[in-house]
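Taking it in order: structure first as structure tokens, then the write-up.
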């Protein structure tokens with residue numbers, strides 16, 4: 001039974017003024033369209049096939065389209081399709097001469113809108129005039145591509161074409177287009193029917209004669225045609241499901257064209273496909289409906305494949321996102337895009353979450369005023385744009401505020417015995433420092449809590465000031481942080497920069513707290529005596545707040561601008577010369593002086609610490625080398641006399657490097673004769689550039705073995721070779737011990753650097769040994785006096801030896817005192833009144849200054865005046881006044897060590913320094929005859945003993 005399927009249409013006709021034209025606007029319910037887009041409203045049937053009633057297959061405007069159902073029906077219904085736009089005066093079929101409108105991108109298909117930009121003013125004027133004459137039609141023709149031009153270049157070339165050139169570039173087949181509107185240079189066209197250019201009428205603007213084309217008649221009941229159309233429809237329906245935009249195309253198309261027929265299905269599929277313009281032009285030129293459908297089917301199949309790829313991509317993204325909310329999906333896509341473009345920025349919510357995660361564990365420990373600042377900055381961060389400069393400043397500020405260890409302290413060690421073991425394990429000697437640290441631990445144990453302290457370790461280089469800081473931190477179980485302030489001239493390094501500056505950072509203390517993660521670390525401030533001063537302020541003054549126990553509980557950094565509690569921090573400062581530290585800063589520190597090491601201490605340090613560490617560093621086993629005590633003693637006395645042990649470590653490393661080289665060379669040229677023996681370096685051969693080893697045991701046996709192997713029979717040569725290889729490999733495993741003794745020490749470290757401090761075995765007349773303190777420790781110092789000329793009234797004093805102002809004044813005082821003493825002892829002796837004296841202090845290249853050489857100068861002058869040498873092995877130090885009183889001096893330990901090194905037996909010290917001497921270790925005082933004096937008369941009696 002054949003059912004008639006009519007389209008339900010509610011058409012509203014809008015009449016244009018002056019009855020120029022009308023445009024029926026409605027919503028025809030095309031069954032085929034509903035089949036394609038999947039609608040199934042009440043009263044409509046989803047059809048499987050369709051055909052047109054027109055016998056020639058054409059579809060003129062206003063023609064009746066009859067669509068049949070797929071049943072056996074014997075009824076048919078006709079319905080008027082929605083008519084396309086039809087002008088009132090000129091019909092489309094009457095347009096035989098039209099203005100040629102070139103299209104650069106795609107051809108225009110019947111039933112589709114296309115906006116076109118017209119750059120040619122004459123062509124635009126002709127189109128406007130044609131629309132005014134009630135003949136709003138033009139011919140839209142695709143322009144052929146010119147070789148070597150693409151994209152915008154070809155479009156520019158089209159605008160430059162005129163007349164015949166343009167005519168030759170146009171495709172013959174185009175579309176009759178109705179001009180629906182003209183706004184400026186934009187012309188909106190809608191396609192009506194196919195045209196073919198026959199000839200050119202005029203050139204500017206290009207006007208051509210055209211022939212209207214109709215489809216080749218086809219059999220609407222052809223099974224192949226139906227099957228092809230159904231496949232196109234099926235594919236279109238699948239494609240339309242994936243793209244809402246294509247549904248809009250279908251709705252618009254049916255409004256202006258009417259029901260779908262075979263030709264219209266082909267046009268529709270080609271028009272909405274993403275094919276290139278040549279493929280679309282091919283569909284437009286094809287008049288055989290079956291071939292046109294096949295071409296369209298290829299295009300829509302490609303579209304279907306593209307849709308599948310698009311769907312697979314979308315599905316893959318959906319699987320990754322796994323059903324999150326739409327906002328989250330959009331955010332993730334936005335992040336992915338920004339990441340690909342390199343524009344990814346921190347999300348404000350994520351930043352706030354990160355900062356709050358840091359705060360939560362220690363929120364109760366953070367001071368209230370700091371917590372308030374953090375909350376205000378977090379609220380401010382949410383209001384700022386991520387692209388603003390203030391956003392980055394606030395983010396960095398919050399990063400520092402939340403990263404600091406507010407109220408977090410490490411568990412301290414209050415075990416004095418364990419701390420003593422750790423300190424002794426790392427350093428030998430340094431009793432004063434160790435005792436002070438143990439006192440600090442004991443006080444903390446009794447109180448139950450430890451406070452911060454400011455300790456300054458002063459002493460010459462290389463005595464272990466910096467390294468002891470790390471050991472103290474380990475003994476106290478505190479975090480360790482070190483920074484050097486030597487040459488520092490910017491206050492901002494201590495107090496931080498203000499946040500208004502670009503690249504602002506907090507000061508060193510805030511960086512320290514963030515780095516160690518606790519609020520009670522041990523901070524080692526190195527080289528505090530070498531603070532600089534520049535245009536950026538005085539760092540020494542800025543250190544006053546940091547190192548003041550009364551102020552550092554509320555230390556204010558310029559960057560953070562909130563008080564920080566540093567009262568639990570243990571500050572350990574190091575300095576070489578405390579006189580260079582400003583007095584206000586020095587007053588805030590507890591100074592512990594570390595003098596140099598004596599020979600015995602250096603021996604212990606070298607044997608127990610330096611040698612083991614150097615041996616491990618060089619990869620040498622203990623059984624491969626032996627350094628005797630005599631070699632170490634010679635190394636210390638002749639090469640490393642400085643107060644510290646840094647140079648001693650360098651010399652030991654030098655010895656072991658040379659030993660490592662010799663062991664490697666020996667292993668490469670190893671002979672069985674030298675295997676398993678102890679060797680001693682031959683001094684003469686090593687010094688000449690070649691190393692040889694003298695075999696002590698087993699040489700003759702090895703030679704006999706080699707001779708036996710050489711005279712072996714040829715039949716046993718293979719066995720002999722194998723035996724030699726085995727012996728060589730076994731020999732390589734054996735150990736050769738290199739012996740370093742005082743006799744061959746020069747082969748490893750070169751000629752001695754120092755010679756004996758004692759220039760004179762027996763001091764001559766006018767020469768006395770003094771004791772001096774230097775930054776490198778203590779040293780002996782000779783005062784030499786000689787007369788230049790004698791004559792009545794020629795008494796004067798000449799000084800040389802790079803003496804400072806204080807030492808020159810001491811020499812003048814010594815001259816006056818010596819003259820007075822000589823008058824008392826020998827009134828007849830007019831030596832000082834009539835003799836010009838020259839006083840010299842070697843070495844001349846070394847600057848010298850200080851008052852402690854006064855008594856030595858007096859003794860030297862009196863020795864010259866009385867022509868009597870002083871007591872043997874005597875050294876003295878002390879400042880003398882004009883009244884012959886001996887004043888105290890400094891550096892007692894260093895001067896005592898220097899005297900021992902020079903094998904001096906008798907030392908003279910001021911009585912006020914008796915306490916300093918008593919505090920020295922017993923091994924330092926051992927074997928010394930020390931005299932403490934208040935007046936120079938005691939020195940005179942000791943130096944010029946009549947029994948001598």
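Just so it is clear, glycine is given a Cβ too, placed from its N, Cα and C backbone atoms.
Annotations in TrEMBL come from automatic prediction, not curation.
Source: prediction; values computed, not measured.
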Match it up for me: which of 640-674, 675-709, 710-744 does TrEMBL list as region 'Disordered'?
675-709
Tertiary neighbours of residue 459 (ATP binding site) (same chain, Cβ under 8 Å, six or more apart):
465, 576, 593, 594, 595, 596, 643
Count the Cβ atoms, other than its own, that fall within 10 Å of the Cβ of residue 463 (ATP binding site), considering every protein chain shown.
26
C-alpha of residue 895 (active site) to C-alpha of residue 462 (ATP binding site): distance in Å?
18
Taking every protein chain in this structure into account, which of the recorded positions 465, 895 has the most other Cβ atoms within 10 Å of its Cβ?
895
Beyond the site residues 459, 460, 461, 462, 463, 464, 465, 466: chain residues whose C-beta lies within 8 Å of the centroid, for ATP:
457, 574, 576, 594, 643, 644, 646
What whole-number Å value do you get for the CA-CA distance of residue 463 (ATP binding site) and residue 852 (active site)?
25
Pop the Cα-Cα gap between residue 852 (active site) and residue 462 (ATP binding site) into the table, whole Å please.
26
Nearest to residue 852 (active site) by Cα distance: which of the binding-site residues 460, 461, 464 is it?
460
Largest tally of Cβ atoms lying within 10 Å of a Cβ, found at which of the recorded positions 466, 852:
852
